[in-house]
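Participant: Before we start, here is the structure in question, set down as structure tokens.
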Amino acid sequence: MSYGLLRPLLFTLDPERAHTLSIAALEALGHMPRGLARVARRYTAHDPRLAQDFWGLHFANPVGLAAGYDKDARATAALPALGFGFIEIGTVTPRPQPGNPRPRVFRYPAQQAVINRMGFPGEGAAAVARRLAALPGHPVPIGINLGKNKDTPLERAQDDYVAALELLFHYGDYLCINVSSPNTPGLRLLQGEEALRGLLKAVAAANQRLALQHQRPPLPLLLKIAPDLDNDDLNAIGSLALGTAPLVNGFIATNTTIERPASQPGLSESGGLSGAPLLQQSNAVIAQLYRATQGQVPIIGVGGILSAADAYAKILAGASLVQVYSGLIFRGPGLVREILEELPGLWLKDGYPDLAHARGSTA
């Protein structure tokens, strides 16, 4: 059944109920090799022009799944069959927590937007570690998005990130430090330069310690930032990835926004806004980060991608890779293959020989 036929049925359900059903279906599919192969044939696009390498990892294509969908690594075995070049699970907190009261997810089909105030619900890092340990391998890179528990005081936030890192160190290909969700009280205060530098120093030290202890390279550390920062903040954050001893190896830009477009007054629920209204705001942050880092630091662009043109706009702004989530709600899983099949034509039409030459050209 095509997603166009299925979507009206899914949209009669509570958004969180629809999400739970999709996770359950993919979790079951992960145990069905023949089913996975059929799904992969339908949704996977193979094109060597899309392949890139960052942080010592190979990305067969630049389109990943953003954190927020597979919070507890239940669907991780099946998700590569949908054509993603990489998967980011989480957000994972060190201890289980229920998140914020329901309802906490709201669809706006006319605006192709979602507002959520989830608050990092999840089973905790130990449960996620057990599931990831059971995977037979990583056909695509797997990132793990880390957050702090709601009841952990801000002054002890670094303890939560380090605790989660210690539990998950062996099971991800990169780690993302999430200090930008608007749905955990005070979390965005950790984006302040002094607090952020202290947090990242603690996480980087733990990463190096674990690498030495287990005689393996440290994990690439990425930082996920909000779209609501000004250019001075972005310049300061960009500096954390520069120099001889960078505290982070890349950025994910951006999380959801707390701002509401004046042109769309119907987006009234509190929480983080994602989807189409976030596209331009996210792109502006990507471009500023690209300039602040002189294009030397990989950026994963996320926010408002509903087409290949949207993904390409993020690459032009300076993104090396992109992620989708809200776009899948409105366009379905075929969005990934559509982007991958159309991207080369977009950069060739603009006269670029490859993806790397297109990157950052409008920043």
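Each residue's number is its place along the chain shown, starting with 1.
Just so it is clear, glycine is given a Cβ too, placed from its N, Cα and C backbone atoms.
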Participant: Say Swiss-Prot lists Ala67, Gly68, Tyr69, Asp70, Lys71, Thr91, Asn145, Asn178, Lys224, Thr254, Gly304, Tyr325, Ser326 as binding FMN: which of Gly124, Gly198, Gly275, Gly345 is in the same site, per that record?
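Facilitator: My reading of Swiss-Prot gives Gly275 as the candidate in that site.
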Participant: Would you kindly give the Cα-Cα distance separating Ser181 (active site, nucleophile) and Asn255 (substrate binding site), rounded to the nearest Å?
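Facilitator: If we compare the Cα positions of Asn255 (substrate binding site) and Ser181 (active site, nucleophile), the gap is 7 Å.
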Participant: Helix, strand or coil at Asn255 (substrate binding site), per DSSP?
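Facilitator: DSSP call for Asn255 (substrate binding site): coil, neither helix nor strand.
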Participant: Let me know the DSSP-derived helix, strand or coil state of Gly275 (FMN binding site), please.
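Facilitator: DSSP assigns Gly275 (FMN binding site) to strand.
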Participant: Long-range neighbours only, meaning 6 or more apart in sequence with Cβ under 8 Å: which ones does Asn145 (FMN binding site) have?
Facilitator: Ala67, Glu88, Ile89, Gly90, Thr91, Val92, Leu175, Cys176, Asn178, Lys224
Participant: Between C-alpha atoms, which of these recorded positions comes nearest to Arg117 (substrate binding site): Lys71, Ser181, Gly275, Tyr325?
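Facilitator: It is Ser181, whose Cα lies nearest.
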